[in-house]
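Record features, source TrEMBL:
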DOMAIN    5-92  domain '2Fe-2S ferredoxin-type'
BINDING   C44, C49, C52, C74  [2Fe-2S] cluster 1 binding site
BINDING   C114, C117, C149, C151  [2Fe-2S] cluster 2 binding site
DOMAIN    236-421  domain 'FAD-binding PCMH-type'
BINDING   I264, V265, M266, G267, N268, T269, S270, V271, D367, L411, R429  FAD binding site
Amino acid sequence: MDGAAELVFCVNGRKVIEKNVDPETMLLPYLRKKLQLTGTKYGCGGGGCGACTVMISRYNPITKRIRHYPANACLLPICSLHGAAVTTVEGVGSTKARIHPVQERIAKCHGTQCGFCTPGMVMSIYTLLRNHPEPTLDQLTDALGGNLCRCTGYRPIIDACKTFCKTSGCCQSKENGVCCLDQGINELPEFEEGNKTSPKLFSEEEFLPLDPTQELIFPPELMIMAEKQPQRTRVFVGDRMTWISPVTLKELLEAKVKYPQAPIVMGNTSVGPEVKFKGAFHPVIISPDCIEELSVVNHADDGLTLGAGLSLAQVKEILAEVIQKLPEEKTQTYHALLKHLGTLAGCQIRNMASLGGHIVSRHLDSDLNPLLAVGNCTLNLLSKEGERQIPLNEQFLTKCPSADLKPGEILVSVNIPYSRKWEFVSAFRQAQRQQNALAIVNSGMRVFFGAGGGIIRELSIAYGGVGPTTICAKNSCQKLIGRPWNEEMLDAACRLILDEVSLPGWAPGGKVEFKRTLVISFFFKFYLKVSQILKTMDPVRYPGLADKYESALEDLHSRNHWGTSKYQDVDPKQLPQDPIGRPIMHLSGIKHTTGEAIYCDDMPVLDGELFLAFVTSSRAHAEIVSIDLSEALSLPGVVDIVTEEDLRGVNSFGLLGEPEKLLETQEVFCVGQLVCAVVADSEVQAKRAAKRVKIVYQDLEPVILTIEEAIRHHSFFHGERKLEYGNVDEAFKVVDQILEGEIHMGGQEHFYMETQSMLAVPKGEDQEMDVYVSSQFPKYIQDIVAATLKVPANKIMCHVKRVGGAFGGKVTKTGIMAAITAFAANKHGRPVRCILERGEDMLITGGRHPYLGKYKVRMMNMYKEIDQTPYKQEIDATNLTQCWKECMATSSYSLRKVAVEKFNSENYWKKKGLAMVPLKFPVGVLSTAAAQAAALVHIYLDGSVLVTHGGIEMGQGVHTKMIQVASRELRMPMSNVHLRGTSTETVPNANVSGGSVVADLNGLAVKDACQTLLKRLEPIISKNPKGTWKDWAQAAFDESISLSATGYFRGYESHMNWETGEGHPFEYFVFGAACSEVEIDCLTGAHKNIRTDIVMDIGHSINPALDVGQIEGAFIQGMGLYTIEELKYSPQGVLYTRGPDQYKIPAVSDVPTELHVSFLPPSQNSNTLYSSKGLGEPGVFLGCSVFFAIHDAVRAARQERGLLGPLKLDSPLTPEKIRMACEDKFTKMIPRDEPGSYVPWNIPV
């Protein structure tokens, strides 16, 4: 083996040679920090969000083919890239050269909002197009399955991608048996005659065509290197780790003998997360490179042999081809494997992870191992001693030494036998989300009937997710051999399996009763499926399934998505150059898609820059007895550790309520509370040292984790506020009927794609400092930093270019962290950067809080047209009624209600639900002062304009709208107007950007500034009406007329008297309605979002493209809140759900198959900006239409089962809650644990 090898690969066509590479370096930090290619983003660090997607291209000198595939740069060690070509978003296209059709279409179809996830989306679709220039819709949704977006709701991204497909605009969906192009149930009625609406937000005709001949070629140099260069093992030696890349089987075996404990790494999708999140460390890693024997595909008489080095994506392609060629009876196992490969992880992980790695890792929730185990697969092993075969069975899966790989052995390939006639294999899984989510429970099942006759000759059942590894129900299967396939066997099997596959109440992962139910529900599905096949094979001997049972066998996968949006037409009298009301692309849209949009951590590393990492509390309520910093301070690169002692006198700051401490070294009140901060030369050193800070705690009582516990301990925030309307007690005495109960809503993580980020830069004189931060509230950052440094606010300038998503999560805690970062920068006179990892971010910051409401209602009604709110504010609800009626009509509610009831009467194990909800969302910030806004507008002598205002661009398009305002008011093209960002240097004392009023308030300030300028310039313009802005600016300058103006809006009148319970706290209300239809699987708890229709009253839209995006994005986020997003805490208060692996936000597969959004025609004029309305938050509530549709479906299932009592379901309505509410013989069969007899893994918060 050679010492210190040279690493050679290409990035965007340019050759990279690394001579002293550190094997611990991943591609993502290498691209961002070393090569300054910051388009590839950090989102989670674990391959779960897709923000860091790049394309990897490899040339195979044997097949002479180039393979392009997407990969997560955060998990790719650069040592694994020898000979590969890496393409990042910068290599796809840029504004400096040319943009690629993918980039253009995502931007022009309004598929970007905050833009942080966009480069990853671009790379996933770009890679797909390199392999399939005219993809199918299924390929598209599959390609996007590993990419998360928190802003857009995915629909515009899907629209952009569909323009590359070779299909019509038809939905290709026959939901309810009717196509969208047919008349009837799915028809979308037009608005009433005279109502001006437009159906298209973009024009496909203008798009650049996709020309595959214009793509980057695979570097010829790498091709020659692969063909000609003698292949030999490469060794890369770092400070702590050695990376060995053997290129022949012989060398691989030698390395394994020499380092028997070293893991063999192919895609790093298993070892990588263990190193990153679980603290694993391997001094030696062996990574085979292009070893032909590990990629073998061999078709034998008895089955298929697949090389252990094949990626899961390659296995998927191979199985799909084999299934096409062979008779169905031979491919039962392959069909089952293919089904699971379709939902296993995302496209990126499937292309990185190897078959052998997946098998040998033996994760408890492995999707393939249960199937491979029941399919009688064997593993072909090799060692210095020779070849050996072992069965992939229960002993292997439980790592029994006699059935496992020996230290010097490697897995070369896997034999997957063909199935036989009268043999049936099925795959089952249920996860929190349809796609890219680890299974809660999965299963592989196989039965063999010999020569027919319906008598079980062989039976094999394996489960994942119900034990420390894959569990085989061997004893149960043994006892069922010889029995006929009938109801008696089913009943006996369920009892036997429950007995054998037992799960204790405290089992890791929780959801114990749900898992027990799934174990037998899956077997019942298998029983039904096999029964149905037997009937088709021999209708005389085998009775068929009841018609009502047949739907239990169909999977709930969403079909191809389609949607419509109808918005208001501009007034025909409006000047063509006036942009207000037109669907204008987000002005950063193209930069989002090319990766040129700069976020906080994209700023170049400054000279002498330090990195700060926080140390947080690991206890929910405890006294800190001692903190030992000595080991951390002794590590190389550590400069300082900031503690409460350093901040003496400045360690607290209050924004709204009581002051909050910045660092706590005495008594902590939650897990994740900031204790101290390590400052070091690099991120790696700071984070390594943070783990070495030793804290000794003394636990304190009480530990209050739930609302119910807080009520019990009288732990309340001070200052109770209540509204009483009339004499409540008397009113309840005289009514006939009272409805009372309680509702519980779980909390929600913001899950903005860009984690908390800040950079503090001391200016070197006068105690000045610039703070660059991803924040919604620069003024607060300025105030808290100034207070912490004991300087006046005029010495601290806070700058925000753009924010990669916020949703209310980048305000107070951001300020605290920025203050500590600035303190460290000031103390050392050097720039300090702090970027939280996803897990830290979710632990340290708050979120949407859980909610417990108790209600007592005497009647249910809607507002009358002119009415009063409970706080006596007058409300005109005409448009609320109009939204309700319009939604009823556009959704064909009555027709579809009948269709749903018919479906439910014909299907026992699947149910549909339909629900409609109205929306009244008050908009205002509860005080006039909190609604004031300011702007600054400059006109330069060349006629160009610079606008600055106090609002923050965080995806909602506020900067785009502000330029539209300036364009209208100054009567100049938008291209003349520029906006650089938000800074306390240009607009002081700006309020927080939130509450859906950012464009509204700041727009009125920009409008005011522009009108001031225009008034000043009127005499100049009237003298030369045909002049240009350049002429007028020069003339004004020559006459000493100021070309700069501040604009101001003092805020809407707002007042509330909590003593009397009366006031006018809100300026206006946003009205809307949503109708959603779902289908649930009563056996698994899965649900599918079939269709949603939304009608919104948005006043006069300033930019319908942005407004539709805000509504759709909010709706999908709300859908997540009410259905799949679930925070999990340990009984000790530790947050388990700290990243996309554990916490599931909606993915592309969760978008309703049909999503239709329409606006009411503009009606009421108001004091707002051009009579528009704020739309950021209102749509979130409409997500509960999906909750109530699921509720409707569950109710139908319960009614059919004779359960007629009241039904209480809490939010989020997860698969677990759906399944357990659909009570049946299986939920009654499972054992139940006595509460208090065990300590559960998690507690409901």
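Any Cβ shown, glycine's included, is placed from N, Cα and C.
Heads up, TrEMBL stuff is auto-annotated, nobody curated it.
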Can you tell me how the residues of the domain '2Fe-2S ferredoxin-type' (5-92) break down into helix, strand and coil by DSSP?
16 helix, 31 strand, 41 coil
Compute the average pLDDT of the predicted model within the domain '2Fe-2S ferredoxin-type' (5-92).
96
For the binding-site residues listed here (C44, C49, C74, I264, M266), tell me which residue's CB has the most neighbouring CB atoms inside 10 Å.
C49
Report, as a single number, how many Cβ atoms besides its own are within 10 Å of the Cβ of C114 ([2Fe-2S] cluster 2 binding site).
30
Please list residues from the chain of C117 ([2Fe-2S] cluster 2 binding site) whose Cβ is under 8 angstroms from its Cβ, counting only those at least six apart in sequence.
K41, G43, C49, G50, A51, N147, L148, C149, R150, C151, M753
In Å, rounded, how far does the Cα of N268 (FAD binding site) sit from the Cα of C74 ([2Fe-2S] cluster 1 binding site)?
10
Apart from C114, C117, C149, C151, which residues in this chain have a Cβ no more than 8 Å from the mean position of the Cβ atoms of those residues at the [2Fe-2S] cluster 2 site?
T112, Q113, G115, F116, T118, R150, T152, M753, G804, G805, G955, G1113
Which whole number of Å gives the largest C-alpha distance between any two of I264, V265, M266, G267, N268, T269, S270, V271, D367, L411, R429, the residues noted as binding FAD?
28
8 Å Cβ shell about C44, C49, C52, C74 centroid, [2Fe-2S] cluster 1 site members excluded:
L28, K41, Y42, G43, G45, G46, G47, G48, G50, A51, N72, A73, G120, R838, P1140
Which chain-mates of S270 (FAD binding site) that are at least 6 residues away have a CB under 8 A from its CB, listed by sequence?
A353, G357, H358, S361, H363
With M266 (FAD binding site) as the reference Cα, tell me which of the binding-site residues C44, C52, C74, C114 is the closest one.
C74
Long-range neighbours only, meaning 6 or more apart in sequence with Cβ under 8 Å: which ones does D367 (FAD binding site) have?
H340, L341, T343, L344, A427, R429, A439, N442, G464
Return the residues near C52 ([2Fe-2S] cluster 1 binding site) by Cβ distance under 8 Å, restricted to its own chain and a separation of at least 6 in sequence.
L28, T40, K41, Y42, G43, N72, A73, C74, G120
